Ligand SMILES: Cc1ncc(C[n+]2csc(CCOP(=O)(O)OP(=O)(O)O)c2C)c(N)n1
Ligand SMILES: CC(=O)[C@@H](O)[C@H](O)COP(=O)(O)O
Ligand SMILES: [Mg+2]
């Protein structure tokens with residue numbers, strides 16, 4: 001008979017209060033087993049979640065939740081929190097269609113504070129919660145859990161600046177594992193490394209222990225009373241200051257993030273403080289599961305895997321991904337043009353830049369989780385005569401729209417924006433779908449926007465973008481390409497010229513990006529019903545091919561199809577052209593409606609949104625009816 005698990009009797013963090021440190025450590029082990037068992041089937045952010053288990057168990061054992069608020073940065077490490085807050089039974093549905101989210105999500109649980117997914121926002125949210133607490137005169141604790149890489153994001157720095165000045169009562173738990181998705185980068189990372197290297201925490205802790213034992217009740221009384229707390233805390237545990245101290249934020253020595261007793265000791269102290277405090281916790285990504293410990297980058301975000309070996313369950317895809325094709329094409333371009341510089345914001349692997357980084361290390365820049373810096377720096381590089389290619393996920397580029405408008409486009413700087421993960425991404429869900437980029441690029445003066453329909457087109461689009469003066473964006477989706485043979489040589493595309501991929505005169509489908517494939521599927525279905533439908537690969541979101549639009553309108557029915565929000569999107573651009581042309585054609589824009597799209601397989605989401613062959617065919621039928 002199996003030994004009963006502690007995890008099975010935990011309905012909420014309140015149940016943790018009766019457990020000893022040893023029992024909490026056993027619970028942490030059970031949670032890790034549960035995370036591995038589930039993610040081996042669903043995939044997920046394994047290494048970060050495993051690394052944060054002890055912190056979450058220790059922290060939540062000390063809080064009164066959901067009254068006390070814990071803000072998870074990115075939220076990719078929150079699986080233990082999910083298991084402790086009433087989602088043990090639904091955990092198996094992690095990241096699946098209709099299942100629980102891979103990030104915190106307030107509509108899923110009252111224990112979740114915000115829709116996490118984008119890095120570096122937790123401290124700002126926490127400052128808002130702490131300010132609200134002050135205004136209401138309430139006493140709930142506010143804690144933010146943030147990783148070492150996310151702490152370097154601009155938004156986090158802005159929050160530190162504010163909270164230190166205002167002396168807001170909140171606790172930052174810095175989960176320092178020396179890793180972003182790959183190895184962490186930057187001066188802050190080096191600073192944290194120096195602190196770890198000079199860690200006198202043990203001696204300080206023993207001093208604290210002694211102080212607590214000799215004058216325990218007095219010291220504790222002082223602490224809980226909150227008077228002079230910062231000073232007493234400093235005297236007891238902090239022999240030297242650092243950057244955070246200079247900003248008015250009390251900072252602890254590095255604490256072992258896998259020792260629940262130590263974590264509870266230090267957390268119970270800082271939770272009683274009346275100003276901002278940062279607990280520097282040292283963890284190992286993937287802790288408790290050897291394959292993830294060995295290869296934390298692969299297990300940062302993984303698909304299903306074999307538990308015994310850690311090997312991926314899915315075999316190699318039939319075709320290279322858009323990302324792989326982009327990475328190879330960019331390295332090729334860089335080999336022919338020494339001015340090409342590649343910039344990533346902590347997504348070297350995700351944006352396909354590993355080859356480039358290896359072959360051209362001097363021309364490769366990883367700014368860390370700092371999209372604004374990536375785009376601002378690209379402007380500077382362009383002013384200095386270089387040809388920067390900023391490779392970002394479409395969703396993360398949202399952080400740097402201002403820099404794209406003011407620093408790059410106003411100056412007509414030669415910057416290429418390579419927007420990966422444009423369109424629906426699948427299991428990460430609404431925070432990660434790249435559904436806004438056609439709007440935020442199209443609206444900017446001087447910007448040109450390409451939406452290649454397959455991987456061969458992507459090679460040409462990149463080549464064209466690098467050759468054109470001024471800012472150019474290209475957008476392409478996550479995952480496997482369409483299987484189009486790659487060209488021997490990249491071609492220069494004619495600016496603003498679409499290509500007809502199927503003739504027809506009953507109606508016209510004007511499709512953008514990989515929607516061209518879905519439009520062709522729709523045309524096939526309609527052909528079987530006797531309808532002749534033209535399919536146009538629009539290639540350019542901006543400038544649009546006005547002749548191709550006029551020719552489409554001559555069929556009498558135009559349906560635009562895009563993998564992005566319709567409000568302000570490419571289809572809207574087509575409508576503007578049709579209006580200018582005083583067209584009488586019936587026109588319908590298909591794309592993402594005014595709602596956030598859920599998580600799930602992309603094919604399922606396409607079907608739900610009417611963006612698969614069937615759905616598009618149905619719209620054409622209604623346009624012709
Ligand atoms: C604005 C933004 N940029 C990039 C990412 C992609 N991303 C997700 S997690 C991560 C690394 C986070 O590292 P860290 O904060 O140290 O947490 P760890 O995974 O090491 O626990 C990155 C770059 C993101 N989620 N949001
Ligand atoms: C949490 C996060 O933002 C990233 O880890 C993201 O999930 C990566 O997505 P891809 O799997 O598309 O690279
Ligand atoms: Mg980290």
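Please read every residue number as a count from 1 along the shown chain.
Placement of Cβ uses the backbone N, Cα and C atoms for every residue, glycine included.
What TrEMBL records for this protein:
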type	residues	note
BINDING	76, 117, 118, 119, 149, 150, 177, 289, 371	thiamine diphosphate binding site
BINDING	148, 177	Mg(2+) binding site
DOMAIN	320-484	domain 'Transketolase-like pyrimidine-binding'
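Sorted by the number of other CB atoms within 10 A, the binding-site residues 76, 118 start with 118, the lowest.
76 are the binding-site residues among 76, 118, 148, 149, 177, 371 whose C-beta comes within less than 6 Å of an atom of ligand 2, given in sequence order. Less than 6 Å separates the Cβ from ligand 3 in the case of none of the binding-site residues 76, 118, 371. Residues near residue 177 (thiamine diphosphate binding site) in space but far in sequence (CB under 8 A, at least 6 apart, same chain), listed by position: 51, 147, 148, 282, 283, 284, 285, 296. In the three-state DSSP assignment, the secondary structure recorded for residue 149 (thiamine diphosphate binding site) is coil. Sequence-distant contacts (6 or more apart, same chain, Cβ under 8 Å) of residue 371 (thiamine diphosphate binding site) comprise 345, 392, 396, 397, 399, 400. Overall, the recorded thiamine diphosphate-binding residues 76, 117, 118, 119, 149, 150, 177, 289, 371 cover a maximum inter-Cα distance of 32 Å.
The binding-site residues under consideration are 148, 149. Their Cβ neighbour counts within 10 Å are lowest for 148.
Averaged across the domain 'Transketolase-like pyrimidine-binding' (320-484), pLDDT for the predicted model comes to 98.
DSSP gives residue 371 (thiamine diphosphate binding site) a helix state.
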